[in-house]
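Report on the structure given below.
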Amino acid sequence: MKVSSQTTGELAENKFETIYDERYWESPPFKLVSDFEPKGSQPEAIEKLVDGLKKGEPFQTLLGVTGSGKTYTVANVINQIRKPTLVIAHNKTLAAQLYNEFREFFPENRVEYFVSYYDYYQPESYLPAKDQYIEKDAMINPKIEQMRLAATASLMSRQDVIVVASVSCIYGLGNPENFQKMGFELKVGDKVHRKEILEKLIDIQFERNDLELMPGRFRVKGDTIDIIPGYFDDIIRIELFGDEVDRISEVDKQTGQRKEDMDYFFVYPARHYVIPEEEQKSAIQFILEELEERLPELGLLESHRLKQRTLYDMEMIQETGSCKGIENYSRHFDHRQPGEKPFCLLDYFPDDFLLVIDESHQTIPQLHGMYNGDRSRKKSLVDYGFRLPSAFDNRPLKFEEFEKYMKNVIFVSATPADYEREHSSRVVEQIIRPTGLVDPEVEVRPLEGQVRDVMQEIRKIVERGDRALVTTLTKKLAEELTEFLAKNEIKARYLHSDIKTIERTEIIRELRLGKFDVLVGINLLREGLDIPEVGFIGILDADKEGFLRNSKSLIQIIGRAARNSSSRVVLYADNMTDSIKSAVQETERRRSMQIAYNEEHGIVPTTIRKPIREKVVDITDTKHIPKTDIPNVIIELDAEMREAADRLDFERAIQVRELIKKLEKEIKAV
């Protein structure tokens, strides 16, 4: 990372030895920048969470209703606690939203983004029933790869760091000790030969390219070396005078203008998987020993397949330093024992870092399930001679391994699950919204005539220009209800798991635009359904206990109407189940607290105004594209998909990817 002030501490005897000195400890404190002060439930929540962390309580839960400003509360906690922080979200889209929010709150500190760098990923697998081997197929997004490197480089060089990550942060990553040890520092006045610098850059996976400079590459012109580190946008220019570093400066990549001079610059490796040469040799020896042990355990075909593949991979590693699927040998390169956990992003943090798990009721189950899913896929690869058993150790963390990092944890959720409640020393509530919006009124009505009744309610809200959501228990009921409403001249659509992502997004967009008035669905808890135009929610068969009718699910469904100041919710039930009682009581408790706050502060709640996004493409348009034009259209769409991913607009990137797949199928069908 770049530093423009004088270094502290003496340069080690080996001029390329990593220095982890006072610069790390002297990094600036967090500085929260915001136009507003904590309000509503926020001040008390901030105070309690900070108090719990200072008292060394490892687990706390922030129970915050939608729209109460949970992210702002967490930002205030980070600002006071001043520890490097990891925020985990359960998908890329939510991670991108949090990343942008934290960047606005902390413009003077390092806010980084760490998610899977694949725009498209087909894992390696083998289907024994069909005798079908599926090779790994992936499309890496270079911008996200750059952001991942920036995250680890920041963690190595300063304390004022917030990393927003998806659950991919528990997957294997290069050894942080190697990443740190193989980096090197250059200072103005250093005695060093140009050849030494170039060799060191090659050692840490930089590529020389004198024509096209991009992250992870360098070029050489006489005594000037231009580098773009893998985690950087601009050029770092090293100017030598003989065998001495004469000048180090940052140069704008686009204009070529010098932006600033610096006293020194620390160059981290261009990739996370970097292995010192001596360790590479010993790792290859261990891999060959494992191969010899494994071959007698396999059949003739499988042993031949494994031997041929492994020897080829070792030859590639010796020649080029890498091979396809090198991560499957990571246990040997990391010198880990069989079954020992892999290194991951969490190992780049200091021991006492702050961990925030957003939407914990969804994120914790994801973290639980990662390991088993990975192992079951690899089992057939190992059993049939496509991979050595050590491939099992290229894996995500087991949940019990992840728990060992949970020393300062804040779970954030509107509906915390049993895990969070059982582990937390305190559950801090954040019920009052600074905006004044109140949870909707909830009414329970009998099952008899529920369809006719819900239809009457829909007509009322349509007259005032609002929309409605209706939840059913099965896909068949959703389709039948939609058809019944249509016959009664109510514009309705249904939404369920069979509908593709791109169509689902477009259905929600058309609901907001008023092209239809009612959306009928089964599980309306998924992201993307925060629709302020919704003024009524009807929950059919609410007394049928189960996943979609338990108290947590009911509270979440009711919360979908909390963005509209005049919204109402009706539950249709003959039996007041414990789940219904709990959901109604909790909603009424939250309503009364918010109403009292509004009256005390003279707040009149108003419906949230949320812009409606432009349509990306019309999927029906593909039928009208001439077959000869499809390849060019795919090229254009691929560029659009990458641009969307670069902007962290993953919803749009997924839409375009789905369209590309549709067009590729049409080409194959010709």
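Placement of Cβ uses the backbone N, Cα and C atoms for every residue, glycine included.
Annotated by Swiss-Prot as motif 'Beta-hairpin', the relevant range among 93-116, 117-140, 141-164, 261-284 is 117-140. Cβ contacts within 10 Å of GLY64 (ATP binding site), excluding its own Cβ and spanning all protein chains shown: 24. Averaged across the motif 'Beta-hairpin' (117-140), the predicted model reaches a pLDDT of 77. Taking every protein chain shown into account, GLY67, GLY69 are the binding-site residues, and of these the Cβ with the most other Cβ atoms within 10 Å belongs to GLY69.
Considering other CB atoms within 10 Å as the measure, the emptiest surroundings among the binding-site residues THR66, LYS70, THR71 are those of THR66.
DSSP gives THR71 (ATP binding site) a helix state.
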